[in-house]
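Enquirer: Questions regarding the structure given below will be posed in turn.
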There are 2 protein chains.
Amino acid sequence: MSASIKVFAPATVANVVCGYDVLGFAVNEPGDEVIMKLTEGSGIRITKITGDEGRLPLDPQKNTVSASVQHYLNHIGKPDVGVEIELHKKMPIGSGLGSSSASTVAGLFAVNTLFDNLLTNKELVPFAMKGEELACGYGHADNVAPALLGGFVLIRSYQPLDIISLPHPDDLYAAIVYPEVDVPTKDARQMIRSKVLLKDAVTQWGNVAGLVSGLFMKDYDLIGRSMTDILVEPTRSILIPDFYKLRSLAMKTGATGFGISGSGPSVFALTKDEATARAITQKLQQHLKGIGINSLSFVSEVNKKGPVILD
Amino acid sequence: MSASIKVFAPATVANVVCGYDVLGFAVNEPGDEVIMKLTEGSGIRITKITGDEGRLPLDPQKNTVSASVQHYLNHIGKPDVGVEIELHKKMPIGSGLGSSSASTVAGLFAVNTLFDNLLTNKELVPFAMKGEELACGYGHADNVAPALLGGFVLIRSYQPLDIISLPHPDDLYAAIVYPEVDVPTKDARQMIRSKVLLKDAVTQWGNVAGLVSGLFMKDYDLIGRSMTDILVEPTRSILIPDFYKLRSLAMKTGATGFGISGSGPSVFALTKDEATARAITQKLQQHLKGIGINSLSFVSEVNKKGPVILD
């Protein structure tokens with residue numbers, strides 16, 4: 001065996017404002033790349049990681065890519081296959097854009113392709129969730145499921161896992177800005193209260209239902225009206241510099257809706273077209289620069305494919 | 001003026017299990033009838049109420065039908081118009097089937113028709129909510145909105161009011177059984193805890209999103225899987241005799257999903273066809289009879305029209 005494959009998997013925006021832990025969508029950029037080769041030897045080796053500034057472990061038991069690939073190999077009854085992995089991080093770590101998820105999904109898609117697609121992308125979700133557990137102490141699916149399936153994804157239930165692909169308007173764009181401040185996912189989760197008022201929960205699930213309806217109806221206004229989070233955003237926004245100012249700028253510049261990507265600090269807007277998305281990232285980056293914060297930005301259509309083979 | 005009109009408005013199933021306070025649907029039967037006549041005199045008179053066993057007030061300020069009609073007349077700038085109303089209750093009061101809502105909606109649809117449909121049915125919702133406030137101390141919309149619009153309705157938001165009509169599979173049937181025990185809406189609401197665990201709320205809004213998706217996708221399995229309520233049903237079910245036995249019987253007989261209608265004590269199942277719905281009501285009524293409880297049952301398609309003019 002000497003097959004080799006290069007795979008791209010997309011970044012993702014989890015929660016989508018009101019859908020904490022149940023909604024997410026994928027974008028066309030950024031994302032990560034994995035090059036994988038089956039070898040004559042035995043066991044998984046990570047031969048190279050680029051773009052991580054030395055932050056990710058090469059130890060195959062600690063790295064989320066290799067760990068989830070090992071789960072996959074165990075599952076298909078080939079635990080001792082030799083695998084060499086190169087990971088090329090093409091997106092910031094700890095940015096709230098599903099960085100670990102993109103790497104893990106690229107690895108799983110690669111190994112599954114090398115083994116003739118024994119599993120569907122949907123069936124790969126639980127393996128990717130194992131990687132998330134390793135990366136952030138909690139096996140959530142709202143990044144890995146959209147990274148694997150593309151588009152918008154609903155995780156209706158975790159036990160049992162029940163994943164539904166949702167439609168979206170064809171021309172929906174995402175404008176993402178990553179302010180370069182540090183917000184570890186674990187801390188961001190721990191800040192959130194464990195109890196909430198039922199009446200606030202009702203408000204929230206009205207919005208979740210509205211967002212899902214808006215996606216099916218391709219109704220931008222309804223999507224936008226529904227992108228309101230009264231439970232999690234008020235807490236998480238504290239960690240994001242000038243969050244409400246950024247929101248106000250985005251909305252004034254024509255955003256359909258705006259919010260925190262995953263646990264932050266990245267923020268995102270959904271827009272009806274590319275020009276609006278670009279105008280928003282420009283305004284937001286300008287504002288952040290004005291308060292002394294460097295940022296990165298990404299503009300792309302909502303991803304429709306999930307991971308893809310490159311070359 | 002001596003125009004007269006007879007209107008039917010449908011019963012409704014609020015909450016639809018997971019969608020507490022935000023979802024509801026209408027059925028073709030039961031429902032209430034209102035006969036309304038504009039008169040030369042001034043002010044609203046309730047000339048007759050049948051089918052209420054003397055439980056509803058004839059005082060136009062206390063009766064939900066006349067009170068909401070008065071709100072409507074005030075709004076259109078004709079507060080002193082003479083109106084005579086006959087209300088024919090054709091459904092049980094306090095059953096959890098939107099009894100007050102059916103009467104109120106029939107009255108509002110009648111007066112709006114007599115005034116050449118100055119408002120749309122959707123615009124009538126806030127007037128009907130005034131009636132609900134009078135009837136149960138809380139101006140909710142999850143009965144009146146589906147009664148006015150037919151089909152499944154989402155109340156995305158109460159402030160501002162945002163009502164979305166949802167699609168449903170054409171052949172969706174409802175099987176309703178009303179065990180004749182008393183569960184006042186006010187008490188049923190007060191039993192519910194005001195605080196909930198965020199993780200339970202997440203489970204709930206996953207199901208709400210799943211149910212809405214299932215309705216759009218016409219996916220009976222997804223509709224059924226999503227009809228789970230971990231927040232409200234565990235408390236409310238205490239007031240319903242043998243609730244979990246009834247659920248088990250309904251599901252074994254082929255129900256897509258099963259739950260409490262509104263605040264109970266009526267229970268309902270959604271089914272793929274009429275025969276299954278009939279089999280379910282039969283099994284449930286038989287069981288209730290066995291434990292000494294009288295019941296009424298109703299089987300109908302999900303209502304597609306809202307209120308209609310009779311004759």
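Any Cβ shown, glycine's included, is placed from N, Cα and C.
Take a look at what TrEMBL says about it:
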| type | residues | note |
| --- | --- | --- |
| BINDING | B:PRO92, B:ILE93, B:GLY94, B:SER95, B:GLY96, B:LEU97, B:GLY98, B:SER99, B:SER100, B:SER101, B:ALA102 | ATP binding site |
| DOMAIN | B:63-151 | domain 'GHMP kinase N-terminal' |
| DOMAIN | B:218-289 | domain 'GHMP kinase C-terminal' |
Enquirer: Give, as a single whole number between 0 and 100, the mean pLDDT over the domain 'GHMP kinase N-terminal' (B:63-151).
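Expert: So the average pLDDT across the domain 'GHMP kinase N-terminal' (B:63-151) works out to 94.
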Enquirer: Around B:ALA102 (ATP binding site), how many other C-beta atoms are within 10 angstroms of its C-beta?
Expert: 29
Enquirer: Including all protein chains displayed, how many Cβ atoms other than that of B:GLY94 (ATP binding site) lie within 10 Å of its Cβ?
Expert: 21
Enquirer: Return one of helix, strand or coil for B:ALA102 (ATP binding site), based on DSSP.
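Expert: Note: B:ALA102 (ATP binding site) is helical by DSSP.
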Enquirer: Which residues, same chain and not among B:PRO92, B:ILE93, B:GLY94, B:SER95, B:GLY96, B:LEU97, B:GLY98, B:SER99, B:SER100, B:SER101, B:ALA102, have a CB within 8 angstroms of the centroid of the CB atoms at the recorded ATP site?
Expert: B:ALA11, B:MET91, B:GLY262
Enquirer: Quick one, of the binding-site residues B:PRO92, B:GLY96, B:GLY98, which Cβ has the fewest other Cβ within 10 Å?
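Expert: Across B:PRO92, B:GLY96, B:GLY98, these binding-site residues, the one with fewest Cβ atoms within 10 Å is B:PRO92.
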Enquirer: Mind giving me a neighbour count for B:SER100 (ATP binding site)? Other Cβ atoms within 10 Å of its Cβ, every protein chain shown.
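Expert: The answer is 24.
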Enquirer: Quick one: DSSP breakdown of the domain 'GHMP kinase N-terminal' (B:63-151) into helix, strand and coil?
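Expert: Counting residues by DSSP class gives 50 helix, 8 strand, 31 coil.
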